[in-house]
Protein chains: 2
Amino acid sequence: MAFHYPNGRKFMPQPAKIKPSHSKEMSYSNRGKTLEDDLNETNQYYLTNGIAVIHKKPTPIQIVDVHYPKRSAAIIKEAYFKQASTTDYNGVYKGKYIDFEAKETKSTASFPLKNFHDHQIKHMQAVTAQGGIAFVIMRFSITDTIYLMPAKELFVYWERMHAGGRKSITIQEVETTSTKIPLGFQPRIDYIKVIDLLIKENF
Amino acid sequence: MAFHYPNGRKFMPQPAKIKPSHSKEMSYSNRGKTLEDDLNETNQYYLTNGIAVIHKKPTPIQIVDVHYPKRSAAIIKEAYFKQASTTDYNGVYKGKYIDFEAKETKSTASFPLKNFHDHQIKHMQAVTAQGGIAFVIMRFSITDTIYLMPAKELFVYWERMHAGGRKSITIQEVETTSTKIPLGFQPRIDYIKVIDLLIKENF
């Protein structure tokens, strides 16, 4: 049975780790991996190779009841998903603060803004005001294309929506304002390479 | 009944919010507030006033079983505390990456190193190597004194312990290598002021 976080996001139980098969036919789409899996692998690669220290934050939970059985670990018996007050990923690259949210869509024509929440936009605005590097990694799952959109571009579309405009970003707008991240083998989604380019252009 | 996280930290259920009393007799020690409460208030003050964007990370939980009742929120029915792979607090100040752990002790003579875990030290080393600002906020709860110790100082004592030396940092060593943070009203623990000084001295 499907269930959802209070923010409408689907709960994805952690899949059992499967050894990678080395079949040449294996493509991204049929690996059954999520954007989150790929970003976690990428971040692990960055950490292992001393490139950056970036982690996904744990899902915030409101704990109500915990049992403490003898001779075994504490069991949480009642808890609820809470809405996060920040984005999901943050960390450090060359001393700079990095902060991003990762989102997927099955749409091919546009990226729906309902994927974002007001508190996430406010958080990215606060980070930007503080000189941090904030952005979104967007995946169009049908075409398996991934873009990095700087937060300041996202703010424009967010404000347009609040002014009564469209509730999504067209694919043409995404292409104009964002940088495509080519998929690699290791790291899978080399977003730091894009950040490097953007830092040179003063983001 | 008391119970503990796998890292030995005590689980503190969220206390009901009590309106602050304005009694002049009220001192820090009898407010019944934890170091975490004070840091959360401080971070909220920094956020509201545009000084810094720093948040406590949620406690990592391994979710095993979730129920999804009709017309109400998903209930987590079985979950366990996981050991965190990073420190508890991070964020951005003037574009710079800030990362710290907050710890308390009831000892007055020294600060026990068992308050830290290997993965936290490794994380702070990775952050430091990446040019981030990593430190520890230590509270001696009996005397209610709070210090900020730069991570590079902590590493020295950690290595001394691993070389067979003492398992704690004496109060004299803390005083020599750390900066005392005076307690204020708003913000309660103004650690950013100390960071400012340390940035000037190249940390």
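Backbone N, Cα and C atoms are what each Cβ position is placed from, and that goes for glycine too.
For the Mg(2+) site that TrEMBL gives as B:Thr86, B:Asp88, B:Glu101, the extra residue drawn from B:Gln120, B:Gln125 is B:Gln120. Looking up the ranges B:1-30, B:151-180 in TrEMBL, the one annotated as region 'Disordered' turns out to be B:1-30. Look at B:Asp88 (Mg(2+) binding site): DSSP puts it in coil.
B:Glu101 (Mg(2+) binding site) counts 23 other C-beta atoms within 10 Å of its own C-beta, drawing on all protein chains shown. Residues from the set of binding-site residues B:Thr86, B:Asp88, B:Glu101 situated with their C-beta under 8 Å of a chain A C-beta: B:Thr86. Taking CA atoms as the reference points, B:Gln120 (Mg(2+) binding site) and B:Lys103 (site 'Transition state stabilizer') are 12 Å apart. Other than the site residues B:Thr86, B:Asp88, B:Glu101, B:Gln120, same-chain residues with C-beta atoms no more than 8 angstroms from the centre of those residues' C-beta atoms, the Mg(2+) site, are B:Ala84, B:Thr87, B:Tyr89, B:Asp99, B:Phe100, B:His123, B:Met124.
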